[in-house]
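Asker: The structure's right below; bear with me while I get my questions together.
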Amino acid sequence: MRISIILLSLLFLSLHSLIKADITKLSVCGSARAVPTATQNPKPTCVNVNSQGIPTAGLNSAAFDNGVRCGQCYELTGPLGKTVVMVADVCDAGSACTQSDLFNFIIPNEEFDKIGNRSDYGNIFSLCYQIVSCGYSGNVQGVFTGPSSSPNTFTYFLSVVFSNNNVAIKKVLIKGLSWPLYESLTGQNGNWKWNKNSYELQFPATLYITSNTGETITYKMNSRPITNQPIDLDFQFNPKAISSLENNECSMALLPQYIYQDGLSYGWVDSQSFNYAKFTDKSSDTKSGSGTCINAQLDGHGGVKFTREGDFQTSYLDKLSFDIKTSADSSSFAVYFGDVATKNIDPLVASTWTTVELSVKSLTNNTVEGSITFFNNQADPINIWLDNIKWTYTDDAPLDQPTMDLIEVNNKPSTTSGTGTTSSKPSSSSGGVSGGGIGSESSIYGLSSENQENQSGHHASSNTNILLPTTFVFFISITILSLLF
């Protein structure tokens, strides 16, 4: 009976570690792009990713930022729904990967199909992303190594790879026996390394670990850690829910204000325009006399059609305005979403430049659309010029959506019972993430009782719990229990 109870306990613990906790929203909604991929790198750039069922994603080089987002989870919102992915790799080939204007997520086909329609398009240009916790219920794991010549010693060199962390880690400090100061570890792609700067590393030693949300943990190593095996570090980052974000449900990203102004805005194409004798989006015959506009010689029932891959949301669009002139006055000109013209616009379009403003609601829009068309709704041909095509937003539109900003929230949750006590924070005069990412040189941090902060921190000691794979323990437990009962 005692053996059965022990095995049942083991089974419960295995199941518990498999269950994901609820995710916590950690940022405002940002504007990004997503593309699908059929294959993923079997050896991703991030060395610390242990996704445990969370789909992995790549990021463009600028957003990846030397690996500062390795292991960070993001909730992505497209026209068909949401999915959560974890950053594991970087892409550096092609314009989408080398641009530095916005986040570009490369996600598995099956995840893209949850949020978009891969059979219709290969990009989502109005993707919304939000930083979230990864929802791990177990503890952070660490794999320690020493120098390659002597991997079990740490006197001059120490490397540690953290995994299973709820949020990405932005800074790691270490303080050895008799050291007066903390020294920083250099982070790259999820691997944190310390090289001897002024003191040899002797134990006990303490690691001071800070997440991207500002939560801090001190981990004391009473003796040399076991190398090359995952160790349960007996702590987990638990970012506190932020009241202003709790009800912040992200929809698709807000459209750029202009569809066309001296050129098409990012994500818009006019290649599906139809029934025309001549078409250019670089005409110099503009209203202002400078820049460019669109000029199309439309046949009867021809149209200038602007499409956006991955669709777009109309909820925050109030009005559509544009400058137009035609070769002849016409009362048979329509503007419409989708594929069917509903009614002609008012006022009459004329042979002189006119600014037209239309209510988006009057265009009989759906919540999500994929195109908007300027249509010659008659049998006779007409020559048209279009310029300055833009949206006016509703009052509640999220106008401040970040694109490439570091938008992690400086989250400082209170220490909860059972997780340790508040620790003093080393002076953070340099190092960590600051605009350009993590510095390549070690920095020295003073530890002064006069400069203590009320930064949240928790203590954990190195009991050196070596981890067996969760699934292995789980199936062994099931097998033994089936034999016993």
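Glycine is treated like the rest: Cβ placed from N, Cα and C.
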Asker: Return the single candidate from Cys29, Cys46, Cys70, Cys73 listed in Swiss-Prot as disulfide-linked to Cys134.
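Answerer: In Swiss-Prot, Cys134 forms its disulfide bond with Cys73.
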Asker: Mind telling me which of the disulfide-bonded residues Cys29, Cys70, Cys73, Cys134 has the densest Cβ neighbourhood, counting other Cβ atoms within 10 Å?
Answerer: Cys70
Asker: Do any residues at least six apart in sequence from Asn117 (N-linked glycosylation site), in the same chain, have a Cβ closer than 8 Å to its Cβ, and if so which, in order?
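Answerer: Once residues fewer than 6 apart are set aside, Asn117 (N-linked glycosylation site) is near Pro79, Leu80.
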Asker: From the DSSP assignment alone, can you count helix, strand and coil residues within the domain 'Expansin-like EG45' (26-139)?
Answerer: 18 helix, 45 strand, 51 coil
Asker: Compare the Cα of Cys134 (disulfide bond) against each of the recorded positions Cys29, Cys70, Asn365 and report the nearest.
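Answerer: If we rank Cys29, Cys70, Asn365 by Cα distance to Cys134 (disulfide bond), first place goes to Cys70.
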Asker: Near Asn365 (N-linked glycosylation site), which residues of its own chain have a C-beta under 8 A away, given they sit six or more steps off in sequence?
Answerer: Thr314, Leu317, Phe337
Asker: Just the number: how many Å between the Cα atoms of Cys29 (disulfide bond) and Cys73 (disulfide bond)?
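Answerer: Cα to Cα, Cys29 (disulfide bond) and Cys73 (disulfide bond) are separated by 14 Å.
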Asker: Could you check what DSSP calls Asn365 (N-linked glycosylation site) once collapsed to helix, strand or coil?
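Answerer: SS state of Asn365 (N-linked glycosylation site) = coil.
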